[in-house]
Amino acid sequence: MNRFAKSWVSAALSLAVGIALLFGLPGVMDDYTLIEVTIYAVMSILGVSLAFIWGFGGILCFGQAAFFGLGSYTYAIAVMNMGDSTVPFLLAIVVPALFAALLGYVIFYGRLSDVYMGVITLTVTLILFNLINSTAGPEWRIGSAPLGGFNGIPAIPTLNWPGQQDEVLTPKDLFYVTFTCLLLVYLGLRVLIASKIGRVIVAARENEQRVLLLGYDARVYKLFCFTLGGAVAGLAGCLFANWGAFTSPTIFGLAQSAQIIIWVIVGGLGTLVGPIVGCVAIQWLSSQIGTQQAFNSNLVLGTILVVFVLLVPRGIVPTLGDLIDMAWRRWRKAPAPAAKVAAPAAAPMEPPRALAATETAP
């Protein structure tokens with residue numbers, strides 16, 4: 001099976017599993033478990049956003065938490081002022097995308113190296129964290145929405161059906177919306193990566209100078225990739241604010257930025273399914289550690305990161321794919337058991353030819 005076929009087979013299988021979970025989980029889970037699964041889907045969208053930027057665009061960004069937080073705060077502020085959630089939902093995607101476009105323009109058109117890229121995005125995230133954290137007090141408000149400082153914004157109105165402000169989504173409805181968003185993001189990015197734009201983005205990751213020689217402006221494609229990743233992270237932030245009806249500056253923090261990177265590394269860089277697997281595994285492990293209070297969760301996550309970087313550098317999904325591919329090839333090349341064939345009978349030996357009269361013996 002060639003690489004192209006394997007890619008689309010894995011995409012089809014992933015999509016089939018996602019659709020099965022979308023319609024199957026609500027029937028076998030209670031509301032509490034469904035709410036817990038919903039946050040896994042929210043964070044998976046956030047992980048996929050970095051996987052697209054870093055894994056396919058080659059842009060190591062420490063700023064996904066900034067876009068995530070902007071989406072969350074934008075939705076909270078807008079919905080508390082507007083009432084209906086339709087426009088705030090869209091603004092929570094557009095505002096982080098515009099912020100990512102502005103930041104990306106400064107970085108890519110300023111010809112900054114990859115090292116400065118990581119430093120700048122991390123610095124912007126920490127600036128936003130400290131800025132939001134210092135907005136405590138009644139004077140810090142935007143319209144009807146108090147910013148709350150380090151206490152965050154509580155009692156955020158959740159999503160309602162468009163045009164019906166009083167008809168808010170139930171936990172099961174929010175699960176359907178969140179999981180559908182995850183599937184649409186995954187499918188949309190898969191189609192984009194397989195398109196001409198996606199191929200240029202990947203080519204710019206591999207060799208930017210060659211892309212320039214072929215007539216493509218790599219900066220435009222990198223900026224598009226960065227902006228789209230910011231929009232997806234903003235969508236995750238909006239869904240996060242709806243999941244808990246609360247948001248706070250901690251989502252801008254360094255711990256949040258580090259966790260997103262760990263999800264991608266553990267799940268598998270260069271894939272879209274990998275961050276989903278890594279996110280669910282790490283989030284579940286963190287919740288178990290927090291429940292038992294036996295270990296420091298940050299210490300455990302740091303240990304996991306070191307182990308995967310040293311022993312499983314490609315991540316869970318690519319490593320499993322390699323093992324399955326290896327087993328498949330061995331099975332294809334394994335020789336069939338040979339049937340026993342009787343040895344052919346020896347031909348009868350002819351008696352030595354008598355010397356002719358004209359021949360002389362040696």
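Glycine residues also receive a Cβ, built from the backbone N, Cα and C atoms like all the rest.
Any TrEMBL annotation is an automated prediction that lacks curation.
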Item to check | Range among 123-142, 203-222, 343-362 that TrEMBL annotates as region 'Disordered' | outcome: 343-362
Item to check | Selected stretch (most C-beta pairs under 8 A with the transmembrane segment (260-285)) from 34-53, 65-83, 89-108, 223-245 | outcome: 34-53
Checklist entry - How about the transmembrane segment (115-132) and the transmembrane segment (174-193): at least 3 CB pairs under 8 Å, pairs 6 or more apart in sequence, or not? => result no
Checklist entry - Of the listed stretches (34-53, 65-83, 89-108, 223-245, 297-316), which one yields the highest count of Cβ-Cβ distances below 8 Å with the transmembrane segment (174-193)? => result 34-53
Item to check | Among 65-83, 89-108, 223-245, 297-316, stretch most in contact with the transmembrane segment (34-53) (C-beta, under 8 angstroms) | outcome: 223-245
Checklist entry - With the transmembrane segment (65-83) as the reference, which stretch in 89-108, 223-245, 297-316 has the largest tally of C-beta pairs below 8 Å? => result 223-245
